[in-house]
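Before any comments, here is the structure.
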Amino acid sequence: MRAACCKATVLSHSAPAADIRLLRVLWPDPGHAPHAGQFFTLRSWGVGEGPFLSRPISVHKWEPETLTVSFLYQIVGEGTAKLAALREGDALQLTGPMGNGFDVPDIAARYEKIALVGGGIGTAPLYQLARELAAAGRTPDVFFGFRDEPYCMEQYRGLAGLVKVSTDSGRVGFHGFVTQLYDPADYDVVLICGPTPMMRNAARLCAEKGTPCLVSLEKKMACGIGACLGCTIETASGAKSVCKDGPVFAGTEVFGWQT
Ligand SMILES: Cc1cc2nc3c(=O)[nH]c(=O)nc-3n(C[C@H](O)[C@H](O)[C@H](O)COP(=O)(O)OP(=O)(O)OC[C@H]3O[C@@H](n4cnc5c(N)ncnc54)[C@H](O)[C@@H]3O)c2cc1C
Ligand code: FES
């Protein structure tokens with residue numbers, strides 16, 4: 001399905017942590033409903049203003065009853081700082097949904113014991129994934145790692161089985177890496193989103209235990225529809241665009257570890 005480009009209205013905008021924002025908007029196009037792992041590009045600034053490109057942000061939560069889509073994002077630069085200035089009632093431009101996300105019907109049909117593994121703001125798309133898995137009759141275990149301050153964890157209660165947290169600082173939860181919280185051998189599949197080194201390591205550990213994994217990649221994007229080749233990566237099956245073929249890929253395809 002082709003992405004739609006719509007003016008969306010801000011319903012609420014809150015700060016779950018210091019540089020983290022939760023933006024809820026009204027998406028006025030029920031014909032273009034997103035699913036887990038897909039993303040929209042967001043723009044709250046004029047065509048002649050910087051930054052030049054709209055910014056890709058994953059779907060954190062989709063509520064079809066109210067046509068509400070939520071984004072959980074980290075303020076890291078000019079674009080996200082401009083998004084952070086949005087107030088209730090403001091308008092922004094949304095294009096999407098884009099990308100090949102998690103195929104939840106297939107995952108739920110093939111696997112019973114499912115682990116969700118997230119690092120930092122890479123946890124953002126995993127909430128919609130947990131919701132869709134729960135609706136499909138699966139109860140995933142959740143393992144999230146943060147630098148110092150976890151955020152948006154309470155919402156997994158009732159959706160997930162185990163919920164475990166690690167922090168680099170040791171301030172909350174286990175003091176260490178998120179990959180030390182679970183054994184891939186205990187799961188039929190591991191679904192991962194976070195910084196590239198963390199995903200590479202998590203995929204390697206899965207391969208060592210013979211457990212398949214899917215990773216949601218991040219690359220800088222321009223067109224978002226597979227036309228500009230700006231987000232091309234080499235995979236085991238040739239060159240692929242992260243925006244159109246992904247962002248979700250099999251770990252073995254992008255990191256080369258064999259299960
Ligand atoms: C498919 C996809 C989904 C994403 N989902 C989310 C999300 O749910 N929440 C969220 O907070 N962020 C998400 N991102 C990352 C987000 O798009 C960038 O943080 C944002 O574009 C930065 O824009 P900026 O103008 O604020 O910062 P810039 O000034 O453009 O960059 C600031 C810093 O962030 C780095 N950076 C910028 N874009 C990326 C990127 N795509 N990947 C890695 N590093 C980058 C830059 O190299 C620089 O160091 C996603 C990216 C992709 C490709
Ligand atoms: S951003 Fe243009 S091909 Fe992916």
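Think of each number as a place in line: the chain as shown, counted from 1.
Placed from the backbone N, Cα and C atoms, the Cβ positions cover glycine too.
Please treat TrEMBL annotations as automatic predictions, because they have not gone through curation.
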> Say TrEMBL lists C223, C228, C231 as binding [2Fe-2S] cluster: which of C213, C243 is in the same site, per that record?
Replying inline: C243
>> Can you tell me the CA-to-CA distance separating C243 ([2Fe-2S] cluster binding site) and I57 (FAD binding site), as a whole number of Å?
In response: 12
>> Using a 10 Å cut-off on CB atoms, tell me which of the binding-site residues I57, L72, C223, C228, C231 is the least crowded.
In response: C228
> So which binding-site residues out of L72, C223, C228, C231, C243 are up against ligand 2, CB under 6 A?
Replying inline: C223, C228, C231, C243
